[in-house]
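According to TrEMBL, the protein has these features:
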- B:H62, B:H64, B:H139, B:D209: Zn(2+) 1 binding site (BINDING)
- B:D66, B:H67, B:D209, B:H268: Zn(2+) 2 binding site (BINDING)
- B:D66: active site, proton acceptor (ACT_SITE)
Protein chains: 2
Amino acid sequence: MDLQFLGTSSGVPTKARNVSATAVIEASGKSWYLVDCGEGTQHQLLHTPLSMRDLRGIFITHVHGDHCYGLPGLLASAGMSGRSEPLELIMPLALHEWLRLSLAVSQTYLPFELHLLAVETLQDWRSAQVAVTTVELSHRVPSYGFVFTEINPEPRLDTERLQADGIPRGPLWGDLAHGRQVEHEGRVLDTLTYLKASRAARRIVVCGDNDSPALLAEVAKGADVLVHEATFTEPVLQRSQSNFGHSTAAAVAQFAEAAGVPNLVLTHFSARYQDNPQRSPSIDDVRQEALAHYSGQLTLARDLQRYHLGKDGLLAAV
Amino acid sequence: MDLQFLGTSSGVPTKARNVSATAVIEASGKSWYLVDCGEGTQHQLLHTPLSMRDLRGIFITHVHGDHCYGLPGLLASAGMSGRSEPLELIMPLALHEWLRLSLAVSQTYLPFELHLLAVETLQDWRSAQVAVTTVELSHRVPSYGFVFTEINPEPRLDTERLQADGIPRGPLWGDLAHGRQVEHEGRVLDTLTYLKASRAARRIVVCGDNDSPALLAEVAKGADVLVHEATFTEPVLQRSQSNFGHSTAAAVAQFAEAAGVPNLVLTHFSARYQDNPQRSPSIDDVRQEALAHYSGQLTLARDLQRYHLGKDGLLAAV
């Protein structure tokens, strides 16, 4: 699985970073999922190979504008580009009426079905390749994280079971291996019964805004990658009067270290952190603060950068 | 007065052109007005010297998303940047509820007053420097153009009138020249009475989507600049089944020539027109089609390009 960041700035866009949006890409490299859709997400997509036709679902973590204002434009452009497959959109119930009104008032008629699901009551959402569950976070408004887990990755024939069930080696095995339903001795064989994953399923957790990383304790177990906001560093937080419902790099790094998460990706940086390390505060301050508490593979997300979760279990820029 | 284009593409953004937004800038170079606000307008502003604090009014031509989806994000960011002065927003009545819901549902609380006015009933809107009137256009939905006319440009003392009224030359004249109200022989002198424009007022017409340039016949009289969409060229239109309520470069150029408009700016180009003249159709096809019908100063708007209306009455890139 890959990740491609479409926006890594908190609250407002900067010249270098757009507001929140993250693409989670299947191991096939084609089908993908969008977490959050700040204004300008469709513009960022123009600079990636991701196609709106291959988008399998949109997940919105919370109602703040920097996480959802890009939805009406993204959907309108998807319509104009000729998407015809239904699209599922999982988001806070409060945004459902707003999105419908946004499309209606602008007389935008989509040529595909839009299925709106409430994140508050989402149960085990699945595409053909990926299962998604939610985790409740803590922010100024209700906020969620999304746990993406591969389903049956790289399936191979379960030859032991085939032999035990007396299915003769030959064309039948080939059909099952290609996912085709076959008949044998008058009964239909279910392809899924005879396919099993040839490697462990990957798990990526992509979080919305959150001031309490400890809420991720359960889902962090067995997660390969944790994508979490690090809006502030400790010195900046201490000078301000409030954390505004956000986390510091230190707090997230400490949590990830304790939970044993092998890959930590920080994002959603306050616009005050400059990309130029000569300026203060800089994004390098965020990195140094996290490194002081975390010994795993640390990534500070950059706009449009794609990261690949390799066979060694480590996330690396590609 | 200056113009700076923030988006010149029709319907969808491209890598080179954003969706519609145009800044009209006062002769002072500071205060400005925004016509249309497609998604990503606030991003474009980051690449200009224009400040949200100096914005005096927003005017939306019609309800289509590529002309208004950027409003919630622009206003939210203006709030976060600390704007405190009230802001007037002139737009189709149908968008008022949508904008209020967009801010409310995302829990965006602006630190400035937002005054929503209906474009359908707008009467002679004025700031200190500019008067704005509307003109009805023809599109798939109701669409408007906005006529910006300078008020009393570069005012100088009306010395003839001062002498006729017996106001003695001296400190009183200085106070009036600086716009200060003064008292003379027991009565208050109104500064506007004794100031008059030292040059003709400039007039710039910025239009929304429109398939009937002839509707501009009245407002084109005396206009210095006409900014109008040229979504298609004639050959492209002939191949499609519909004009979708838009104009061709030829139709707009013919109108501007007949109306004697000295400066014509075309914008809102279909994304099919490539900036690379080696590709077909290219933006150069639009230019050639317009040039065949128009002998004035022709400009094809480019994103982020600023244009100055000079003392010679001609618009030029700066």
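The backbone N, Cα and C atoms fix where each Cβ goes, glycine too.
Since we're looking at a predicted model, the values are computed, not measured.
On the structure: features taken from TrEMBL.
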residue: B:H62; record: Zn(2+) 1 binding site; CB count, 10 Å: 27
residue: B:H64; record: Zn(2+) 1 binding site; CB count, 10 Å: 27
residue: B:D66; record: Zn(2+) 2 binding site; CB count, 10 Å: 28
residue: B:H67; record: Zn(2+) 2 binding site; CB count, 10 Å: 29
residue: B:H139; record: Zn(2+) 1 binding site; CB count, 10 Å: 22
residue: B:D209; record: Zn(2+) 1 binding site; CB count, 10 Å: 29
residue: B:H268; record: Zn(2+) 2 binding site; CB count, 10 Å: 28
Assigned element (helix, strand, coil) containing B:D66 (Zn(2+) 2 binding site), judged by DSSP:
helix
Between the Cα atoms of B:H67 (Zn(2+) 2 binding site) and B:D209 (Zn(2+) 1 binding site), what distance do you get, rounded to the nearest Å?
10
Could you tell me which of the binding-site residues B:H62, B:H64, B:D209, B:H268 sit with their CB under 8 A from some CB of chain A, listed in sequence order (or 'none')?
B:H64
Are there binding-site residues among B:H62, B:H64, B:H139 that sit within 10 Å of B:H268 (Zn(2+) 2 binding site), Cα to Cα? If so, list them; otherwise say none.
none
Check B:H139 (Zn(2+) 1 binding site) against DSSP and tell me helix, strand or coil, would you?
coil
